[in-house]
Amino acid sequence: MAQKKTDSVKRMVELATFYVGDALCGMDILKIQEINKLTQMTKVPQAPEYVIGILNLRGQIVTIIDLGKKIGLGETEINQDSRNIIVNDSSGHVGLLVRQISDVVSADMERRESAPANMHGIQGDFFTGVYKTEQTLIGILDVDKVLSIEE
Amino acid sequence: MHIEDDEILQGFIEESLEHLADIENDLLSIEENAADVDEDLVNKVFRAAHSIKGGAGFMGLTTIQELSHAMENVLGMIRSKTLVPTPEIVNVLLLASDQLQRMIEDVQNSNDVDIESHLVPLNAIANHEFAQPAERSEARKTKTKITTPAEPEAAPAPPLSVEPAEDKDEAIEEAEAAEQLEAATASEEESASDPEDQIEHPHLTADIDDPADLTAETVSNRDNGSSKGKMETSIRVHVSLLDQLMTLAGELVLSRNQLLQTIGGEDFRNMEAVGQRIDLITSELQEAIMLTRMQPIGNVFNKFPRVVRDLSKKLGKKIDLTIIGKDVELDKTIIEAINDPLTHLVRNSVDHGIGLPDERRKAGKSETGVVQLKAFHEAGQVVIEIVDDGRGIDGDALAASAVNKGLLTLEQTQAMSEKEKVNLIFLPGFSTAKEVTDVSGRGVGMDVVKTNLDKLGGHVDIISEVGQGTTISVKLPLTLAIIPCQIIMTADERYAIPQVNLEELLRIPASQVKERIERVGTAEVVRLRGNLLPLIRLSDVIGADRTYYDPKEDMFKSDRRQLISDRRSQESPLFMDKTQAQEDRANAESSRHDRSVKDRRTSAASALNIVVVSTGSIKYGLIVDKLQDSEEIVIKPLGRHLQQCKGYAGATIMGDGRIALILDVANLARMARLTSVDGSDRATELAIAAEEAVKSKKDRQALLVFRSAEDEQFAVPLNQVDRIEKIKRSEVEIVGGKRVMQYRDGSLSLMCVDDVAMVKPLADHEDLLVVVFHIASRTVGLLAIGPIDALEISADIDESTLKQTGIMGSAIINGHTTMLVNVFELTQTLHPEWFENREVFEFNEKSGTQPPTILIAEDSNFFRNQVKGYLSEAGYHILEGEDGQVAWDLLEEHHQDVALVVTDIEMPNLNGFQLTQRIKSDQRFSGLPVIALTTLAGEEDIAKGKSVGIDEYHIKLDKERLMASVHDFVKRGR
């Protein structure tokens, strides 16, 4: 594997972690363009259920996806803690609404474990693995999968 | 091949393609000039070929280099006048330049392309032609089938190796050309014994026998290539424009700094100034950036000389193509998108429009047909016209063909106007040519053209006269990026509807909802000026919550009615069944509001706001909660997660930073399963309309109905109305004893009906309406109050009972006695000074011994008396006939006196068209001018009138224009 050949610094990935429902999830911080808490969304009737609206990010139209709904962890309530994680997508930016933002964790990707067997179903598909810190488990989100459009 | 530097290669490709684009047109002009060689032009082409050769040598593109070199040789000879550029030679050059272009577009593989078929004829020309131009042409005429190969090897192998790197030097080039000439002469001498062998080279003849085939192919190939390769990747922007952008960007940065400072210092007064500054810079920046997208339409037009030339050659026609307005600029995306439709239209003109020289001669036209391609600005749009003087489109033939194909029934076509018949060409599944040619007319063309242009927000129109020619005009918006839109609200969200789709805005007051909204099956329709318009509720189509807007509380409330005509809330508890009660509890909040108003069916909240939209052949009403302003918006695409939402064309950011979705009117109709009102439906509609017209045999008059006092209804002809403004009473100013208001940077003079006529005074309302008219080359406003409505009535006008100054008569409209206001008279009474210079005009008839006689043919007493009134007032002697036949008899009787005929169109016995036809075909009256008066000056009617010889058209009751034109004709007649 290519990863094994690279030195240990390269293996370290900064994971931005956040809560989706009650689950702590993480993703490579380099994939994130910004995190904001804009709430002035415009509803889009007819849109897929997980799209909660579109918002104006400095002149760009950003589609906001309720991450909880998308990966099957329940609807996310928009409140003081909720944030949009803006990521780059092939056709522009997409915002992922999460319940709360948590810390940035330096993670050694070598120590990443595959998703546990009991984490199956819809959610399981969206994770590439699990990272264990001293206190907790972080589900590593497969961003491309989250952004994909299922038929 | 060793291409190391991509950038240099890219530069070479771009530069070469540019050279090639010019070469084509220049070669065509060279061909036109023939022996009369324009040296500058040849030099230009020569240099272009030379630059390509130089660049190609440098990049190691040997094949390109070789071909451009061979071209250069021939061009060198043309330049030195040792070779006359005959069409054949130019053809070879054109083919070679096409090949060059293809190779340059696919540089990576260019070295593997076989260019022998181009090199051989080029070298043959270079070697032998120049010495014997006369024989050459003779040889060709005899068409000797000598197939001896011309030993292309014998042609001096171009001394290519010499120059690749250093040959930018013109001197070397000259030397080389000289060398080339020498070599050529030498080899010519060698083979002088048998020149024909050399000339009638198989490749050469092959090319020349059927050049169009090849070129047609190459043209289309090139189209694909260039539209992908050249247009999408990069764009040329003038440096001055870039500088301007830089300056603006710099200013923006400065303003931002200022803004940050101001925010820090909390200096609010300054903040406003900075805000304004940023506003200004932003709009300038936006404009400048839009400019970078503008491209001259010449980019598309420039290929047409070649297209027309090749096509006309192939078809054996003689055609002159004139191009006007190459500099007109359009947005890049539009330029790209109109390429194919325009090509199709031009090809159509050449293929179907212009006849063969023989045919044209027989028709008494010059053998050479003229096709004109014209671009110009008109009313904020760009108009492209393709005009030919060919056969024209025979509407009846089209209609017959449509019937044959089963697209329409005979009855349907009979009801169609000439113009509608011509427009049948846009129906899917139509081919006009008797034979299908491979040039155009596969029967799929025109409808695709129309669809494509519709997509761009464009509009196609055909005006054609059999035997005279066809004008196809295409109207396009300047840019697609910014479009004017009507903003509406539904379910507390804003939506934008592109203005191009907007027909009108309709508000049905709560009291009329029940009468005007009808149900046909499950569909709801509204009666609009006699036609049924299907209705779609926006919230239903897109699946938003049903709401309605309550202006009293300025909020949106959920709506539980199933049908528009249902009551929103029921007063009686008897109506409350269980489910409704539950629903009410669920909507506790809104229900309480519901209950607070007694019967909202008659409250303002129940009025319906309908946006009447059209797209292609579909027209429908969209029910929305609230109408807002129209705004210019910038279209932004939606992300891919929303691609499945077909109802939107995109989104835009509004002034407050929030987003509004742009509605796709065509897809909404599809989603609501509205069937398209296609050609046949339209025809049925027309047939019914025609039938009704025959039945009623009355003139229909479109009127604007309004009030001045609460209980007095007035009407004015709709076609006299410029526009209607809503104002507040406070906006009316009294200055110098006159009522005026500020209007479009000037003062608009205001009047009331009661200023002149003995009617009740203007109601004391806060909200007033101003109906703006254009009279005596000024604008004047008439103060009124609502409700206003535009409707079409059969003119059954009583012109005696209520007639007085300013009132021309009365009619019963919707159960109300309605007075018809004579705006002209009103204005004249109030502002006699406006008409002073006109008086002079009217009096000069007095110099004549006898007043000129005018014959009026009109079946409606009302209109006849009106017109008679105007005319006799101006001093004319009047003869009147109540139908065409009577008028004709009168004319026969007084034929030497009558100076002018003013006729209605719709009349019993002999209608206006027939009367005119009879007048114009009679020798005694052929010079007699005929003015037609009509209530419906549709384009079709005008065209029809022109064809029978009507000199001018006027709308009934438009006194001013009629009088001006009467004076004009009478004066001219003397």
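Positions of Cβ are set from backbone N, Cα and C atoms, glycine also.
Over the coiled coil (B:13-40) the predicted model carries a mean pLDDT of 78. The coiled coil feature in TrEMBL is assigned to B:13-40.
Look at TrEMBL and you will find B:164-179 (among others) tagged as compositional bias 'Acidic residues'.
Summarising the annotation, TrEMBL assigns compositional bias 'Acidic residues' to B:187-197 (among others).
Annotation comment: TrEMBL describes B:217-227 as compositional bias 'Polar residues'.
The feature compositional bias 'Basic and acidic residues' is assigned by TrEMBL to B:580-600.
Among the features that TrEMBL reports, domain 'HPt' is placed at B:1-107. Counting residues of the domain 'HPt' (B:1-107) by DSSP class, helix then strand then coil, yields 87 helix, 0 strand, 20 coil.
Here TrEMBL flags B:276-480 as domain 'Histidine kinase'.
Marked as domain 'CheW-like' by TrEMBL: B:482-674.
TrEMBL lists B:853-971 with the feature domain 'Response regulatory'. For the domain 'Response regulatory' (B:853-971), residue counts in helix, strand and coil come to 59 helix, 26 strand, 34 coil, using DSSP.
Long-range contacts of the coiled coil (B:13-40) within its own chain (CB-CB distance under 8 A, at least 6 residues past either end) are made by residues 48-49, 51-52, 55-56, 78-79, 81, 84-87, 90, 93-94, 97, 100-101, 104-105, 107, 226, 229-230, 234, 302-303, 305-306, 309.
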